[in-house]
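**Student:** Quick one: the structure is below, questions incoming.
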Ligand SMILES: N[C@@H](CCC(=O)N[C@@H](CS)C(=O)NCC(=O)O)C(=O)O
């Protein structure tokens, strides 16, 4: 079943599946924090996986948890890795363009598998749901700890602290006890209206379902814009929390992908939401954990190329110019592709 078949046959509304692996890394639990015991499987394209990459970097866990990155084109077999076997199989559809090489994609560093589905089958042979990323894998028990990004980022933000050297990364708590209520209620409407809201727009198969999702999305973005109108850099308590991380991965994809591909075109972040744009640029340009984990090439390729039901010729658009604006946009000349330029612009 293709991802766009997630839409309900009766009302055409997109329904996201509930994740099945819901264990946690916790001291004294089945999965205790240990250096080099866990492995993350991600796609640079996926906003849910992107959350885990950001938190891994923010918490200085690069040396603790290695990462395998899937190829951005998600075709019939689901997410795949770069392997000689797959390279041979990747007979491109007639409409294929020539962006076949994605340097940031890796092999499956643990098993050498061809597909993410093989991981799920290894962990649970009778697994019958979708083969999604991110996947947090335990090398000791040879199984999946979690495939739910919201919970993986909570584990990464706290579970390894006892093993981390003193410093800013160890001290950073993205979900501090005293702010949990506020973070939870922010996350709730932001998830429904925006994080998942863009998918509800994009994968709707009826006008009614699309219109309801688009209206909810527009209202939620207005609400976010309003919160940021006092000039704040972070949503909650003047500090970086998981609320910022979770919204960032959707907003950074908005102008390059969701506006066009998912018909989220009530407004562009850069033109219509100046406060959200300022917040976005600050995180991206001033904190390497955000910029270094954002790969616009994978992002654009994945969405436009993989969802043939929405984009049957798999054309990846030329723009926008630029994927994200520079910090000081007044310095940008018209036609200057800048640092955030997309591959099409660079190759033109
Ligand atoms: N609830 C999951 C959702 C993950 C998810 O839907 N990932 C998408 C990529 S953006 C996926 O892997 N889809 C593959 C499929 O559905 O076949 C999470 O937040 O971790």
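Cβ atoms are placed via backbone N, Cα and C, with glycine included.
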**Student:** Going by the glutathione site in TrEMBL, where 130, 131, 132, 133, 148, 149 are listed, which of the candidates 79, 266 is also part of it?
**Tutor:** 79
**Student:** Quick check on the annotations: TrEMBL lists region 'Disordered' for one of 303-325, 326-348. Which range is it?
**Tutor:** 326-348
**Student:** Just how many other Cβ atoms lie inside 10 Å of the Cβ on residue 148 (glutathione binding site)?
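**Tutor:** Result for residue 148 (glutathione binding site): 20 other Cβ atoms within 10 Å.
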**Student:** What's the most sparsely packed of the recorded positions 199, 258, 303, counting other C-beta atoms within 10 A?
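**Tutor:** Minimum Cβ neighbour count within 10 Å, taken over the recorded positions 199, 258, 303, occurs at 199.
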**Student:** Which one is closest to residue 132 (glutathione binding site) in space, judged by CA to CA distance, out of the recorded positions 46, 199, 303?
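**Tutor:** For residue 132 (glutathione binding site), the closest Cα among 46, 199, 303 is found at 46.
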**Student:** Could you state the whole-number distance in Å separating the C-alpha atoms of residue 133 (glutathione binding site) and residue 46 (active site, nucleophile)?
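**Tutor:** For residue 133 (glutathione binding site) versus residue 46 (active site, nucleophile), the Cα atoms are 8 Å apart.
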**Student:** Do any of the recorded positions 130, 133, 258, 303 touch ligand 1, in the sense that the CB is under 6 Å from one of its atoms?
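**Tutor:** Among the recorded positions listed, those whose Cβ sits under 6 Å from ligand 1 are 130, 133.
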